[in-house]
């Protein structure tokens, strides 16, 4: 058992860490994911990070790609203090050009752009970065290229359009590659990244959820102390449940969970959540039925952003009121608020591109901190979704809940397009239940990352028996993804869709037509609103 007094508050001080400096590439988060896949902890920070402000020393540094040109005014550049750390450095695409620019400025616009697959020709197989890597397909995505070899570097690999597709200065342990090893289109990309992290950086591959849980429990105990009380909102989803379970293991009944039933949940959801969290996991849970309040506030509202804000604001009011009723047996005041932040949320907030135009308002309990004067505790903020699931299984969270598809904070309010009424919710609930039921019967539930039925605000002509009908339309959506930052639509067999559509039209009153959404993310988001 880990002694709480011996555990640093920062995970990067516990595990060997590769630092990924993000220059704004759409692939930057994949670098972090790939490293963790072979149990090396990696953390992403913006390329503007001042090295002097780091409170920990990385085992190695990776400079990501980016949509800029190093020679243009206003382009981002890395803090040159990275070279004072004397750790291995790998530059990818823009990151390689940044290294070349710093070491001689030999970067210019290419004669032609190189996007897509290319054949990599390894010229120097003795390079430690390319151990086990041979001539193979790689993924290129660049318009600029090196036109001269930087001082102290040698050519390791070429492509038809890139005479400097890979370069190295092994004396200084600095490497540059023009292609993207983090994407699956680069056939031996994982081998290359593993060589860098484990062989060159000598990072320990001890980043496992088994090691994380002991460290995290001790970290929570150190942060919270022996007497402080913690509250947290739970939804029955894997993130909030695993977060609640960690708190239960760390501080026992000093953690108080609150479940707000807003009337926008899936079929029989509240009953299932209560049974799982109390009887199954022993969590101290309070359930609040606020259905009438939420549906009353949503009456007549059709704009999705307004719906989200109404739900978020009223959630805060209900949560605050219920939290005020909690009187810990210890006599202590509530000091901390549990929040289920995951690492993709962190990446989104620190990406070098910065906060972009608001696509959707995130439904969380951030507003509670200022209102309730609570300190935040986020036990899952270093984890990707798949890591949270693995952690849940280790901690004894029921398998069905661990692998349950995500459900949005605003619930069915953003799956009922247009005004939310009890009647519309009933249609959406029943259609969704049939869809998920058929997915489970087909043995596809675990193959699909998220699936749901959305009720559209349009009507369509149909025929039931000898009668003409004019009823609503259900849109089915199912996606595949590893991190929910990008997603592809799931390809069902036609027979499955035919059976599901038939059941929905015949069993759900008010539905005349069923469609299937075949849009990927991007350009679409997962949810319709």
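Using N, Cα and C of the backbone, Cβ positions are placed for all residues, glycine too.
If you look up Swiss-Prot, you'll see 17-206 marked as domain 'Glutamine amidotransferase type-1'. Per Swiss-Prot, active site, nucleophile is recorded for 93, and the stated evidence type is sequence analysis. The active site feature in Swiss-Prot is assigned to 180, 182; the stated evidence is sequence analysis. The domain 'GMPS ATP-PPase' annotation in Swiss-Prot covers 207-404 and rests on sequence analysis. Residues or ranges marked as ATP binding site by Swiss-Prot: 235, 236, 237, 238, 239, 240, 241. For 308, 466, 521, 527, the entry in Swiss-Prot reads XMP binding site.
Spatially, by CA atoms, the recorded positions 93, 466, 527 include one closest to residue 182 (active site), and that is 93. In sequence order, 234, 242, 243, 340, 401, 404, 407 are the residues of the same chain, not among 235, 236, 237, 238, 239, 240, 241, whose CB sits within 8 A of the CB centroid for the ATP site. Between the C-alpha atoms of residue 240 (ATP binding site) and residue 308 (XMP binding site), the distance comes to 19 Å. Under the DSSP three-state reduction, residue 237 (ATP binding site) is assigned to coil, being neither helix nor strand.
For residue 237 (ATP binding site), the nearest neighbour among the recorded positions 93, 180, 308, 521, judged by Cα separation, is 308.
Cα separation, residue 527 (XMP binding site) to residue 235 (ATP binding site), rounded: 18 Å. Separation of the C-alpha atoms of residue 239 (ATP binding site) and residue 521 (XMP binding site): 22 Å, rounded to the nearest whole number. The Cβ of residue 241 (ATP binding site) has 28 neighbouring Cβ atoms from other residues within 10 Å, across all protein chains displayed.
A strand conformation is recorded for residue 521 (XMP binding site) in the three-state DSSP classification.
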